[in-house]
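Positions annotated as UTP binding site by Swiss-Prot, on the basis of similarity to another entry: LEU89, ASN90, GLY91, GLY92, LYS103, GLN166, GLY195, ASP226, LYS364. Summarising the annotation, Swiss-Prot assigns substrate binding site to GLY91, GLY92, HIS196, ASN224, SER225, ASP226.
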Amino acid sequence: MAAAAVAADSKIDGLRDAVAKLGEISENEKAGFISLVSRYLSGEAEQIEWSKIQTPTDEVVVPYDTLAPPPEDLDAMKALLDKLVVLKLNGGLGTTMGCTGPKSVIEVRNGFTFLDLIVIQIESLNKKYGCSVPLLLMNSFNTHDDTQKIVEKYSNSNIEIHTFNQSQYPRIVTEDFLPLPSKGQTGKDGWYPPGHGDVFPSLNNSGKLDTLLSQGKEYVFVANSDNLGAIVDIKILNHLIHNQNEYCMEVTPKTLADVKGGTLISYEGRVQLLEIAQVPDEHVDEFKSIEKFKIFNTNNLWVNLKAIKRLVDAEALKMEIIPNPKEVDGVKVLQLETAAGAAIRFFEKAIGINVPRSRFLPVKATSDLLLVQSDLYTLVDGYVIRNPARVKPSNPSIELGPEFKKVANFLARFKSIPSIVELDSLKVSGDVSFGSGVVLKGNVTIAAKAGVKLEIPDGAVLENKDINGPEDI
């Protein structure tokens, strides 16, 4: 054990010396990085004792339906909202969907991007209640320059938009535990953003946290910019202020699509996030069971700003470290990350709120884009609202082949988005394209044979069909 400690010390000393010479990042970033790596090397990650896990009670994970209605008085509503800040995590690129630049500028519906919809929502909120809810965007070094240009188009809106960067940390070369940028990798590939757990120190280091506190702001609503369901909810805000909860995680019931999502547990008297990576191998199936662990983290988080300041200043936010091994130009590297949801256990009176599924509508792939661009949803004041004509509570399951993976290819294969209000499942593979006015119902599978181009004609109605060629339509 002593030998391992010595090895860890020499690793950290070598890394510290090399990082000190990196001119691209601030002293705060260097200190944060070294602190993260030291925690990782000390192996302080505690194993969860499975027998100590308890299912949270309704006091800890509050059912949304039991929340008190917000005040009806407009002045009282304004007073509540004036304590709020909205923060969107804007560090991700649209590369997985074949787009360049920040993911938040992908067009979602009616020509509006994720960012457009967010701005329209907050504008209508500020106008309706006469309040001043600011929007913060946490960028990464990957999205910063593009985002700065993009937000200029909102300069005439009635909202204050602040941008700040999350930390930039060097990737570590696995072989000798030195930073990749100090070994000649001068481009962006030498660096990484260390996960959204970094939102708390970065908010503080940027000076934004002090500014917001001086303006009388009390809570920040943090959400992924690609979650179209993450809209301001006055009922939740009212509950947190009334009960002085320093932290709230929105959770929602698991479906079979969400079995890998983190869940909330009661553990040694505190509420905490349990991720699949922390689960001992022999309990993974139990973790995935919808019977025992019924809820998962939406990553919609509401956090008290004074509490963030207190905990960041005390360096108390020691979230579980997620090691993420990668390869850059054939070199094996390690990046260490943390998640914002894991911070829940450090805050006082932390709770979960079990919210309707409508508050979790992420767009991670073109199959999600098909859902939100279809007649399953409508757009009102920037809000994506579910069509009441859909009887089933769950959305249809949609699987699109690799031909649809990139947004440009996806759009080229649909003359118009089909009607899917009565669809249960859709599976498409091969060279398939859709005409306009197509209606899909029940369970539909469309598989074009290799080398065959399959076109679904205009106005086709497909109900419970298995299509392998034009003769099956």
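Glycine is no exception: its Cβ is also placed from the backbone N, Cα and C atoms.
Feature map: Swiss-Prot annotations on the structure.
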| residue | record | Cβ contacts under 8 Å, 6 or more apart |
| --- | --- | --- |
| LEU89 | UTP binding site | MET138, HIS196, VAL199, VAL222, ALA223, ASN224, SER225 |
| GLY91 | UTP binding site | MET138, ASN139, SER140, ASN142, THR143, GLN166, PRO193, HIS196 |
| GLY92 | substrate binding site | PRO102, LYS103, SER104, SER140, ASN142, THR143, SER225, ASP226 |
| GLY195 | UTP binding site | ILE322, GLU337, THR338, ALA339 |
| LYS364 | UTP binding site | THR96, ASP226 |
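Under DSSP, LYS103 (UTP binding site) is assigned to a helix (H, G or I) in the three-state scheme. Under the DSSP three-state reduction, ASN224 (substrate binding site) is assigned to strand. A sphere of 10 angstroms centred on the C-beta of LYS103 (UTP binding site) encloses 23 other C-beta atoms. The secondary structure of LEU89 (UTP binding site), as reduced to three states from DSSP, is extended strand. Here substrate is bound by GLY91, GLY92, HIS196, ASN224, SER225, ASP226 per the record. The longest Cα to Cα distance in that group is 14 Å. Other residues of the chain with a Cβ within 8 Å of the Cβ centroid of GLY91, GLY92, HIS196, ASN224, SER225, ASP226, the substrate site, are LYS88, LEU89, ASN90, LYS103, SER104.
In the shown protein chains, 24 other C-beta atoms lie within 10 A of the C-beta of HIS196 (substrate binding site).
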